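**Q** Quick one: the structure is below, questions incoming.
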Amino acid sequence: MSTWSMMNLQDANSPMMEQLIFFHDHTLMILLLITITIIYIISSIIMNNLTNKFIMQNQTIEIIWTIIPMIILIYMAIPSLKILYLNDEINNPLMTIKSIGHQWYWSYEYSDFKNIDFNSFMINSKNLNHFRLLDVDNRMIIPMNNQIRMLINSADVIHSWTVPSLGVKIDSVPGRINQTLMMINRPGIYFGQCSEICGMNHSFMPIVIESTSNNNFISWLKSL
């Protein structure tokens, strides 16, 4: 969960988020090297007293500054495309959960075991036993270390179902069902928010996912 003055990304709690953090660091290192190189070139131009000011063209230099950026872009594109296709790949999920966005709350449907559906509203901020503007009355509970297919839809306007620590951000569009695969590595409680401005109470649409063991998940299903 993000905290005040936090500069880093949230800890990865899913394989997808681990890949996204790796890509972020990979790209950041390339940008750092480019920045250092440009600073060196500008400094050398300033400090060399315009030694080469009469050079009008140089084919070798033109080839170099054309090929090197191409190589850099390819080096950045390969991991990006890998993550892009992994994000769309869904292979034999354990279960399917449907999340429907409303103004201004979420509802969830579990239809694989028995027909379970419930609404998830933000808890009043006056209740000091919960995180302000983040906790809900009914959490989405899933088993850890299992592939879960999420179907995202909207009943009114465009929303966005987003959980940063899991690397999940799916648009919730009326009349359209988007899907993604999600797997959580460890037990815990993970917080998210609607990330699409959807009206007056847009900032009061928290998402809370509780990851637990298979046995606890089955016990929860039986209790409903």
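A Cβ is built for glycine as well, from the same backbone N, Cα and C atoms used for every other residue.
Below, the features straight out of Swiss-Prot:
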type	residues	note
TOPO_DOM	1-26	topological domain 'Mitochondrial intermembrane'
TRANSMEM	27-48	transmembrane segment
TOPO_DOM	49-62	topological domain 'Mitochondrial matrix'
TRANSMEM	63-82	transmembrane segment
TOPO_DOM	83-224	topological domain 'Mitochondrial intermembrane'
BINDING	H159, C194, C198, M205	Cu cation A1 binding site
BINDING	C194, E196, C198, H202	Cu cation A2 binding site
BINDING	E196	Mg(2+) binding site
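Describe the structural context of each listed feature in the structure shown, including burial, neighbouring residues and relevant distances.
**A** When secondary structure is read from DSSP and collapsed to three states, H159 (Cu cation A1 binding site) falls in the strand class. Residues within less than 8 Å, Cβ to Cβ, of H159 (Cu cation A1 binding site) and separated from it by at least 6 positions along the same chain comprise G101, D171, S172, C194, E196, C198, M205.
Summarising the environment of C194 (Cu cation A1 binding site), the number of other Cβ atoms within 10 Å of its Cβ, over all protein chains shown, is 25. DSSP gives C194 (Cu cation A1 binding site) a strand state.
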**Q** Who are the chain neighbours of the transmembrane segment (27-48) in space, where the CB to CB distance is under 8 Å and they lie at least 6 residues beyond its ends?
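**A** That would be 72, 75-76.
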**Q** Give residue numbers and ranges for long-range contacts of the transmembrane segment (63-82): same chain, 6 or more residues beyond its ends, CB-CB under 8 A.
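**A** For the transmembrane segment (63-82), the list is 19, 22-23, 26-27, 30, 34.
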**Q** I'd like to know the mean pLDDT over the topological domain 'Mitochondrial matrix' (49-62).
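**A** A mean pLDDT of 75 is what the predicted model shows over the topological domain 'Mitochondrial matrix' (49-62).
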